[in-house]
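Engineer: Questions regarding the structure given below will be posed in turn.
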Amino acid sequence: MKFVKQIPRPLTKIDSPKEIVRQFIPSWFAATMGTGILAVLLHDFPFPFEHLFDLAWAYWWLNVGLFTIFSIIFLARWAFFFKDALPMFSHPVQSMFLGAIPMGLSTIVNGVALFCVPVWGPGFVTLAEVLWCINVVLALASGLLVPIYMISTHEHTLKKMTAVWVLPVVPAEVAAASGGVILPTIANIAFARYIAFLSAILWGISVPIAMSILVIFFLRLVLHKLPPNDLIISCFLPLGPIGSAALAATGLSISAPRIFASFGDTLSDVAYESLASATPAIGILVACVLWGYGFWWLVLAVFAVIKTVVDRLPFNLGWWGLIFPLGVFSAATVDLYKLTQLLFFKIAAAIFICVLFILWWIVMVNTFIRAYTGELFYAPCLHTQMTTVQAANFELEV
């Protein structure tokens with residue numbers, strides 16, 4: 001009884017439970033991104049052990065539950081607090097996290113292909129295809145509409161810029177990577193080719209823009225040094241577009257020999273046959289180059305965190321920005337091992353996944369504790385009266 005009395009009351013940081021809905025922001029979906037990619041990584045862990053599949057499947061179901069709950073709350077905000085939800089689009093940071101919604105859905109699509117199809121049969125391939133198509137629409141909406149708001153409505157400066165700028169444009173390449181995940185399950189070769197080419201187009205829509213943003217972000221770091229402590233975890237975000245781009249390349253490489261195989265003598269048949277033989281080699285080279293680029297950003301991000309942790313590293317929802325970027329980078333490492341069979345990639349992938357597993361628990365426990373108190377239910381766009389510190393660092397508000 002004494003222990004029970006010591007348990008604090010829930011939601012003490014907010015006025016009423018309805019604030020959970022009114023102040024629910026899209027950055028919560030970053031938790032589904034991180035949980036979903038961990039499920040995929042456990043499925044592909046390079047050193048398999050007994051019940052590994054069951055563990056990965058359990059994480060995927062947890063991800064489905066989180067995504068469902070978050071979607072219901074997010075839609076409820078629009079249904080019951082429409083006027084309070086609208087300012088989200090004009091907020092220079094909250095709007096960026098709209099990209100977390102299609103990226104979270106991508107991990108569910110991956111799980112349908114990796115878990116549901118092997119367990120429950122090919123009937124679930126159709127579900128994966130439908131969800132993937134929905135995901136593509138959401139990714140394109142994020143990648144086109146949010147940048148339009150950025151150049152027409154938002155107020156940004158180089159000094160206040162953070163790596164969250166990549167979030168609205170990355171969903172397209174994440175959807176491309178998901179296309180590579182579902183390709184092995186699709187028996188209809190003609191439809192599989194549509195998925196492959198659309199994935200390549202999505203890659204082109206996202207990757208060049210994301211890489212351009214990373215160049216600007218590095219310029220910002222050089223001129224204005226590291227971001228404030230509350231946002232230092234954002235230094236890991238560059239791994240997201242880099243890892244996703246590499247993962248999309250490797251995913252297409254793995255399926256290319258099957259879906260592009262052609263034995264005719266027409267021009268298209270010859271082209272397809274060339275793609276079948278050349279795509280794996282090109283994919284490996286592209287992924288290796290991107291892996292090296294990602295490793296450079298990883299070292300930079302680790303340095304930034306180590307330098308900051310000496311002072312203080314406060315927790316916020318932005319910590320989930322550590323999990324998914326490192327996750328897709330790890331997934332690309334796994335695929336590079338599948339394609340090259342090099343021991344280096346096998347060991348690197350195992351180390352990354354083990355570290356990610358520990359980090360996921362750290363972030364999830366902290367998220368649960370602060371969600372229990374209500375501390376994390378805070379929508380910056382609803383708080384127009386900001387303190388001087390908040391005004392100076394408004395891009396911290398996620």
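Placed from the backbone N, Cα and C atoms, the Cβ positions cover glycine too.
A TrEMBL annotation is a machine prediction, not a hand-curated record.
Small disclaimer: the values here were computed from a predicted structure and weren't measured.
Below are the features listed in TrEMBL for this protein:
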type	residues	note
TRANSMEM	20-42	transmembrane segment
TRANSMEM	57-76	transmembrane segment
TRANSMEM	97-121	transmembrane segment
TRANSMEM	127-151	transmembrane segment
TRANSMEM	163-183	transmembrane segment
TRANSMEM	195-219	transmembrane segment
TRANSMEM	231-261	transmembrane segment
TRANSMEM	281-305	transmembrane segment
TRANSMEM	317-337	transmembrane segment
TRANSMEM	343-363	transmembrane segment
Engineer: Rank 20-42, 97-121, 195-219, 317-337 by Cβ pairs under 8 Å to the transmembrane segment (127-151) and hand me the top one.
Structural biologist: 97-121
Engineer: Looking only at the recorded stretches 20-42, 97-121, 195-219, 231-261, 317-337, which one has the largest tally of CB-CB distances under 8 Å to the transmembrane segment (281-305)?
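Structural biologist: The stretch with the most close Cβ contacts to the transmembrane segment (281-305) is 231-261.
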Engineer: Same chain only, please: residues at least 6 beyond the ends of the transmembrane segment (20-42) with a C-beta under 8 Å from a C-beta of the stretch. Say none if there are none.
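Structural biologist: That would be 11, 14, 52, 55-57, 59-60, 62-63, 66-67, 70, 73-74, 76-77, 80-81, 84, 88, 94, 97-98, 100-101, 103-104, 106-108, 110-111, 114-115, 181, 317-318, 320-321, 323-324, 327-328, 330-331, 334, 353, 356-357, 360, 363-364, 367, 374, 377-380, 382, 398.
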Engineer: Under 8 Å between C-beta atoms and at least six residues away from its ends: which parts of the chain pack against the transmembrane segment (163-183)?
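Structural biologist: That would be 40, 93, 95-100, 102-103, 106, 109-110, 112-114, 125, 128-129, 132, 135-136, 138-140, 142-143, 145-147, 150, 192, 195-196, 198-200, 202-203, 205-207, 209-210, 213-214, 216-217, 234-235, 237-238, 240-241, 244-245, 247-248, 250-252, 254-255, 259, 321, 328, 331, 395, 398.
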Engineer: Taking residues 6+ outside the transmembrane segment (195-219), which of them lie with a CB under 8 Å of any CB in it?
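Structural biologist: Those are 129, 132, 136, 139-140, 143, 147, 158, 161-163, 165-166, 169-173, 175-177, 179-180, 182-183, 186, 238, 241-242, 244-245, 248-249, 251-252, 255-256, 259-260, 297, in sequence order.
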